[in-house]
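K.L.:
Got a structure for you, questions after.
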Amino acid sequence: MIPVVALVGRPNVGKSTLFNRLTRTRDALVADFPGLTRDRKYGRAFLSGYEFIVVDTGGIDGTEEGIETKMAEQSLAAIEEADVVLFMTDARAGLTAADLSIAQHLRSREKTTFVVANKVDGIDADSACAEFWSLGLGEVYQMAASQGRGVTNMIEYALTPYAEAMGIVRQGEDEVTEEREYTEEEAEAEQKRLQDLPIKLAIIGKPNVGKSTLTNRILGEERVVVFDEPGTTRDSIYIPMEREGREYVIIDTAGVRRRSKVHQVIEKFSVIKTLKAVEDANVVLLIIDAREGIAEQDLGLLGFALNAGRALVIAVNKWDGIDQGIKDRVKSELDRRLGFIDFARIHFISALHGTGVGHLFESIEEAYDSATRRVSTSMLTRIMQMSQDDHQPPLVNGRRVKLKYAHAGGYNPPIVVIHGNQVSKLPDSYKRYMMNYFRRSLKVVGTPIQLRFQEGDNPFENKTEKLTMSQERRRKRAQSHIKDRKTK
């Protein structure tokens, strides 16, 4: 699973500055979907090849009554759930009583902790940081978060233990060729292999929207404790099941509540668990309460699922028992506020009575198949050429932008890499046109599709392809399926 990094410290030591710097690479993705809000406390970051969830825990006001009462419950929860804690201090202000109390709490939790002395720009950093060694948490790492100094080195060092285990691609490796080219026959065989794997389905949403009720309806038994009170699911529950010959792993996540409404520490843990479940899933099923409409929390969860590139299905629950006027208003609100995700199927269901639940799986399978479908290089290049024939790229400085070659750059979500001349100058309107053209041509439903543009000629032309070990294993699996099919 993707690691979680918690930023801990007293107020005004630079936690939010570091959070914004780490997560800003994802802002552009969110901006691609107008009307979408994001949760400023939880973010998905990508730095130096490492991908992780970063949590800004908020500050601690004082120490008079002890760390347990002064640290926000959300901060306690984040520390418990985090894989790595960055304990941030202010090198200019020096060591404070609050720093000592926080350090005492962190030592008692035995978490992997790194002391960060922030704001070292313009001062004698070594002298200013010396006193922080007395915290008893090991080495003190110098940083100037506002300028980005020391940030990359800190993250690389903190997350090194997760690199090999998680198969993280380090920056500098060629991400474009990470997914090898498929022939038509190999793509078909690989798709068949993927259809035999269980679909990991994360059911997410605010508390009390009916996630556990829906899980029980799907399973046909009381597998998840359900009470008519928000937050009764304490942890993400992984439940294997089979339906009409297809295997699934249902991930029933604890509800995400507004921070102002969360009073029990155990319930706050569920926020991070939900975000980690999204990362672990193939398909995300977002449940919305028909009686409450679309809340900001719904949009925040939606944004995280989109940023993670997960296939998506939306279910509007509790559709039974409301009058037609309310139904019309809900549908109008969905059209107005969720028009930017027109690729996702929307279902109106009653988890309690089972109305419409069966049709969910048609969309879930459709979304999974679209997100993981292997497409040959020749097919992608043909579609690219057809899009040019139907609508030529614009002129740039009197020269026509020329698209030469397309190939797959990744899956779940599908990524198409397009090579050509002056592609960096293509207007957003033409990029959207091409994205929609690929979506229609490939019949991609239920998943975002990403286009990446690279300058230059076909990088594979007149070049012998050297496969990585993982690519070689995938090639052998595809060839094995082809042989098995031919012998039958």
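The backbone N, Cα and C atoms fix where each Cβ goes, and this holds for glycine too.
Positions annotated as GTP 1 binding site by Swiss-Prot, on the basis of sequence analysis: 9-16, 56-60, 118-121. The annotation GTP 2 binding site is assigned in Swiss-Prot to 205-212, 252-256, 317-320. Here Swiss-Prot flags 473-488 as compositional bias 'Basic residues'. Positions annotated as domain 'EngA-type G 1' by Swiss-Prot: 3-166. Sequence annotations record features per position, and here Swiss-Prot assigns domain 'EngA-type G 2' to 199-372. Annotated domain 'KH-like' per Swiss-Prot: 373-457, in sequence order, evidence recorded as sequence analysis.
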K.L.:
At the Cα level, what's the spacing in Å between Val120 (GTP 1 binding site) and Lys211 (GTP 2 binding site), rounded?
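P.N.:
Just about 47 Å between their Cα atoms.
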K.L.:
Could you tell me the mean pLDDT over the domain 'EngA-type G 2' (199-372), as a whole number?
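P.N.:
It averages 81.
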K.L.:
Taking Cα atoms as reference points, which of the binding-site residues Gly9, Asn12, Lys15, Thr57 is nearest to Lys211 (GTP 2 binding site)?
P.N.:
Thr57
K.L.:
Which entry in the list of binding-site residues, Thr57, Asn208, Thr253, has its Cβ near the fewest other Cβ atoms, using 10 Å as the limit?
P.N.:
Asn208
K.L.:
Rounded to an integer, what is the Cα-Cα distance in Å between Trp319 (GTP 2 binding site) and Lys15 (GTP 1 binding site)?
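P.N.:
Rounded to a whole number, the Cα-Cα distance is 42 Å.
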